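Swiss-Prot lists Glu36, Arg37, Tyr38, Gln39, Asn40, Val41, Gly42, Gly43, Gly44, Cys45 with the feature FAD binding site.
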Amino acid sequence: MPHSYDYDAIVIGSGPGGEGAAMGLVKQGARVAVIERYQNVGGGCTHWGTIPSKALRHAVSRIIEFNQNPLYSDHSRLLRSSFADILNHADNVINQQTRMRQGFYERNHCEILQGNARFVDEHTLALDCPDGSVETLTAEKFVIACGSRPYHPTDVDFTHPRIYDSDSILSMHHEPRHVLIYGAGVIGCEYASIFRGMDVKVDLINTRDRLLAFLDQEMSDSLSYHFWNSGVVIRHNEEYEKIEGCDDGVIMHLKSGKKLKADCLLYANGRTGNTDSLALQNIGLETDSRGQLKVNSMYQTAQPHVYAVGDVIGYPSLASAAYDQGRIAAQALVKGEATAHLIEDIPTGIYTIPEISSVGKTEQQLTAMKVPYEVGRAQFKHLARAQIVGMNVGTLKILFHRETKEILGIHCFGERAAEIIHIGQAIMEQKGGGNTIEYFVNTTFNYPTMAEAYRVAALNGLNRLF
């Protein structure tokens, strides 16, 4: 006789991965509950990560644009805004996102339960509710989509009022004049752009020898130059020895012997999976040192009825990919296998000022693979649309095979890069000979547009062939 469960599946977490899984499951007729420990749905992406940081970035970039445009500014009075004012803008966006996502669950009759979940046995969860009560829930299958949080080394006092991580920085109430950012990954670089755009002095401490080493080197170099040109001080190959919080700021002692002092510190070096409170040992699951779970191609863990998606499984740790992972896991959970799969070349968007976006291979990868490629470039300053809107800083680079003309990689630095990249991605994904750089020469673009950069870059690249 089959066992009776409260739900067909329980999804732990309502971020992009959890939402993708939950929507995929209810569309297939499953009885689903989503457990969210926070008071609102959306997960870290909506409340502490992607959405607020991008809303901050947008507000700051518009201030920069206003102050640099002689049409609006006589340069005797610069437009300024406090960090608190800009955070209010982010809060408005977060509230809109929360209401919208809450509506998704309600329309699809997907139950939302608030509290902290922990496994009791292979098919049972205990839910610690906000009122102190404990509920017991059973399900045939589970999707763990509990996300990640900033990594906290034990020797750094994050209770100090001037030491922040990428979550707590969003509740900063003072106006710093000088910020130390430890960790020059995506989050560190994005916040370096935001603070420098607000005319705050920034020291960016990088534990490696260059910024964002996974990028094409020209894109990484462009960001380094832009930071340097705007006044960000980058310190490569440095690690902290000791971090001291004091009344008027923070002092960082580096292993190289240097000492740095600033009004506050943003520690942005690594993230940890939110798995420590799930009691995974009760179902025989183990995480790695970063609290992450290993999964197979269908996002199953070592327990076949337990799936995991999003930040909790590590790479690529993108909201866009997490949603698709959830959707694929939902298909595998119901049907036993998934026909859908993540695309091979996942686009990357980095919301510095200016933006960086890429898809496909870098020049360094193609050179190492001994692929005969050529490069086509378009400088934004040569595009009519960029001249009209004052977006002269930027470039689009297309890497393509010299013989087959197949597009192998696209890299963009400049405002709207994360949007521009998708035009090229759409052609790269074409099968049966559809992926060719000649498409951009043979098609007609609206004029004037930023998309025209593809035609300019394609002509530039094809003219190099002989």
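Please read every residue number as a count from 1 along the shown chain.
Yeah, the Cβs are placed from backbone N, Cα and C, and that goes for glycine too.
Because the structure is a prediction, the values reported are computed rather than measured.
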For Asn40 (FAD binding site), the number of neighbouring Cβ atoms whose distance to its own Cβ is within 10 Å equals 18
Other than Glu36, Arg37, Tyr38, Gln39, Asn40, Val41, Gly42, Gly43, Gly44, Cys45, which residues of the same chain sit close to FAD? List them in sequence order, counting a residue when its Cβ is within 8 Å of the Cβ centroid of the site.
Gly13, Ser14, Gly15, Thr46, His47
Neighbourhood of Tyr38 (FAD binding site), C-beta criterion under 8 angstroms, separation at least six
His47, Gln114
Who sits close to Gly42 (FAD binding site): which same-chain residues at least 6 apart have their Cβ under 8 Å from its Cβ?
Ser14, Gly15, Ile51, Ile94, Gln97, Thr98, Arg101
Distant-in-sequence Cβ neighbours of Glu36 (FAD binding site), under 8 Å, six or more positions away:
Gly13, Ser14, Gly18, Gly43, Ile112, Leu113, Gln114
Simplified to three states, DSSP reports Glu36 (FAD binding site) as strand
If you skip the near sequence neighbours and keep only those at least six away, which residues in the chain come within under 8 angstroms of Gly44 (FAD binding site), Cβ to Cβ?
Gly15, Gly147, Ser148, Arg149, Asp167, Asp311
